[in-house]
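These notes are about the structure you will find just below.
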């Protein structure tokens, strides 16, 4: 049967960097092979570079992006802990669900979707929460929040509160400085701006957060103490087997990150900005309205209001069947009234912009 | 830098079927693409075929094999439930740890490592447990247990007790008939006899177990109710997005399973038996002693006693550096006194047997 080749211009996964594809198909290594362990160490170094952190505990978890969210709450929240969650889209909503399952006293700070997080409202929500959680780049709406502002304000107020950030859609697409911003715990996914297939969740923890982790969390698979003994070595210095690491995916992530760092993170970020601006200009020229709040729009993921009288699903279906182009519908209540168009990683290119604009113009008859 | 190519003849991962490698590197599909969803459905069908089950809920979970164990306990055990665990190796041990984290009252039935599970002792351990858990093929020791005997005996005694089976090292390497045997919940891994890279945990649940699942488990990522709405469709019939499925890994599993079913599961099982017998004969001819109890030895994974005076790690290191062959050390207290040699999936071949026997002979000077 013929293989289908799509242009993945939705909210992720996106088409992978050629280096990442080659990494996936390279001869498989065992999870205890010294060559694999060296590659895993280097993957940690590369993640530190794109994330702007010196955190020793920086590693890819063996699951898709959402497993990073789960790992954060199960390892750092105890029943009864006050957790303030800034909710400005689907992934903030999900954080509330996950935190609640682990017994947190969740304080929601709701925002209209498409808006960035209001730092002052988050601060005002509780005087001394154990944890504040926010999404850097909301995949569901295409809005960016100012983590630097939030982190700085939290550190100034209180040395106790930890800051947790969802970086699923920001990592590898824009410059991030977790340490400067005061982020303690962050997770991400591989399938968006890192240009790697879905299947790993990059994760990082600061030393001060590490000291406050739950000693024996309910989860075995995501027990960071056990995983840490494999990834960074145990107290005796040796590496203890935990679970079989997804070695092909790690090799692919290693290669994708290598490609990004060869190009240089500032150049990669500029490429995303340029592609995003060209797309957003083109959409406006077609008379379409952008959904996320101006001044807070992501370059890597653009949300567009579906014009009145247009059936969202029909357009997406025609793009897929006639042009092999995938774009996303909206999330939650915006499922049929918003489209999401991603230009992430390898797709942050002007050729993709023209392809998409041309196809969309034909389909909409504009 | 030159790529390293190893013969992965340890306890997994093993070298992948060429079809599985091609599946990994094929153009990536989105997790909501109709072509991907059709492939996911077919992957479920193929898993049913190799597992011998009609279970509707048969799917690959987004993590490595161990996540299957975690999903089983978090979704089917409530605090205070009596769980009888047959422990005859590392993975039985781990089940006790995981079950305990979720509040089960764990009744351990310990066996000497290398022995199969003693069905009568398991039955005698508790008159009516909520769940009995056992490992089909213990990766840590190379011993097979008789799940058919265990399942039949449990069903005859009590309609209430669920049977959970770890099939990580058996799936794709021998014939399995979960439904006939009375297994309610089973999980596996992709990186052993399925001949696919590590990264997915095939999982299956019977209807009677499904009716007794935990409605809102502590985990969000592994909440089978939510995942089921994506994989098999929700009550309304539609598929609801849960998390981004690892689409490249699913494509690879789909292809690996296709290869197995093309060859035919009986022929694949015979190939594993033939290769395993040739290896075990060759090892005995070299004067080596097999570790697992006779009559219960796996074909796909052979455990060997390290001869007195031989340094286990030195031998493994020479095999790796001089021959690019990986074999495994032992597990737990047998770390340095047992080797584990896998002939799984694509490696269940006579050429691999000769290569390994020849290299080992040279290294041991026999």
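The backbone N, Cα and C atoms fix where each Cβ goes, and this holds for glycine too.
Nobody curates TrEMBL annotations by hand; they come from automatic prediction.
Annotated domain 'Aminotransferase class V' per TrEMBL: B:31-330, in sequence order. This prediction places the mean pLDDT of the domain 'Aminotransferase class V' (B:31-330) at 96.
Residues or ranges marked as N6-(pyridoxal phosphate)lysine in TrEMBL: B:192. Residue B:192 (N6-(pyridoxal phosphate)lysine) falls within neither a helix nor a strand when secondary structure is assigned with DSSP, and so counts as coil.
For residue B:340 (substrate binding site), applying a Cβ distance below 8 Å and a minimum sequence separation of six or more within one chain yields B:10, B:11, B:139, B:140, B:142, B:301, B:302, B:303, B:304, B:327, B:328, B:329, B:330, B:331. Taken from TrEMBL, the feature substrate binding site covers B:340.
Counting only same-chain residues at least 6 apart in sequence, those with a Cβ under 8 Å from the Cβ of residue B:192 (N6-(pyridoxal phosphate)lysine) are B:11, B:12, B:13, B:14, B:139, B:168, B:169, B:171, B:172, B:173, B:300, B:301, B:342, B:344, B:345.
Secondary structure at residue B:340 (substrate binding site), taken from DSSP and collapsed to helix, strand or coil, is strand.
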